[in-house]
Amino acid sequence: MLTLPRKYHAASIWLLYAVGLVPAAWGFWLGATGRLPGNPVKEFEHLLGLWALRFLVATLAITPIRDLLGINWIRYRRALGLLAFWYVLMHFLTYMLLDQYLNFPAILADIAKRPFITIGMAAFVLLIPLALTSNAWSIRRLGPRWVKLHRLVYVIAAAGALHFAMSVKVVGPEPWTYIGLVILLLLWRPIRPRFNRWKRRDDGRPQFNRA
Ligand code: HEM
């Protein structure tokens, strides 16, 4: 398998951050120059929400990709998770500033009374400690508690997909795709130890040597 030389690892992670932010910058530019169709604020809000969900799914897909295909992209997981966080934050700020004009009573009423917004808000709040602890210092400080804390990403992705499905009048193929992907990624967790045991037995080599 073609592997990226180690000397390019850091640069490739920065490239991922830069490329990952392109959809937000592009959407903002289209909106600012009047080229987003329909309601530009809604369009921009939707674009940010969708990319947030895509980055969440990509973050969760890193481990199954390594298990099933032997491709080790673990080095990109933190960047993907942080991109998801930045997109949720921008999605939330667009909602607060451009959609609701910082009308706090209306925002609070929305969070309390519209279940899809309550769920989105809960996912966003849960994402904050993960973003704050996604650094080497926190990993060292928290030890095994870090792993437990970061399992919340499964709950967040499930809540994000549910929030998407509940935000639309008719649940079409797009929300179903995300729901399906999140279900598959959730199911992989209990299957994974058995699969890796089977794989080790299969070739007699420790699984981590294959990456
Ligand atoms: C993990 C957190 C979140 C994710 C992954 C997420 C994702 C999404 C997605 C995918 C959509 C639908 C986009 C489309 O229709 O194409 C959406 C819509 C929306 N989200 Fe979020 N969201 C999150 C959190 C939030 C939060 C915190 C708020 C506000 C408090 C929020 C408010 C909204 C609103 C107002 C809509 C649009 C509904 C409409 O069409 O009027 N979301 N979100």
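Backbone N, Cα and C atoms are what each Cβ position is placed from, and that goes for glycine too.
In TrEMBL, annotation is done automatically, which means it is predicted and not curated.
Feature annotation from TrEMBL assigns transmembrane segment to 12-31 (among others).
What TrEMBL records for 48-160 is domain 'Ferric oxidoreductase'. Counting residues per DSSP class in helix, strand and coil order gives 99 helix, 0 strand, 14 coil for the domain 'Ferric oxidoreductase' (48-160).
Annotation source TrEMBL lists transmembrane segment at 51-69 (among others).
The transmembrane segment annotation in TrEMBL covers 81-98 (among others). Below 8 angstroms of C-beta separation, residues 16-17, 20-21, 24, 41, 44-45, 48-49, 51-53, 55-56, 58-59, 107, 123-124, 127-128, 130-131, 134, 153, 160 of the same chain, each at least six residues beyond the ends of the transmembrane segment (81-98), sit close to that stretch.
Long-range neighbours of the transmembrane segment (118-139) within the same chain, counting only residues 6 or more positions beyond its ends whose Cβ lies under 8 Å from a Cβ of the stretch, are 78, 81-82, 84-85, 88-89, 92, 111-112, 146, 149-150, 152-153, 155-156, 159-160, 162-163, 166-167. What TrEMBL records for 118-139 (among others) is transmembrane segment.
The annotation transmembrane segment is assigned in TrEMBL to 151-169 (among others).
Note on the transmembrane segment (175-191): residues 53, 57, 60-61, 63-64, 67, 154, 157-158, 160-162, 164-165, 168 of its chain, located 6 or more positions outside it, place their CB under 8 angstroms from a CB of the stretch. The transmembrane segment feature in TrEMBL is assigned to 175-191 (among others).
Residues 20, 23-24, 76-77, 80-81, 83-84, 87-88, 91, 153-154, 156-157, 160-161, 164, 178, 181-182, 185, 188, 192, 195-196, 199, 207, 211 of the same chain lie 6+ residues outside the transmembrane segment (51-69) yet bring a C-beta within less than 8 angstroms of a C-beta in it.
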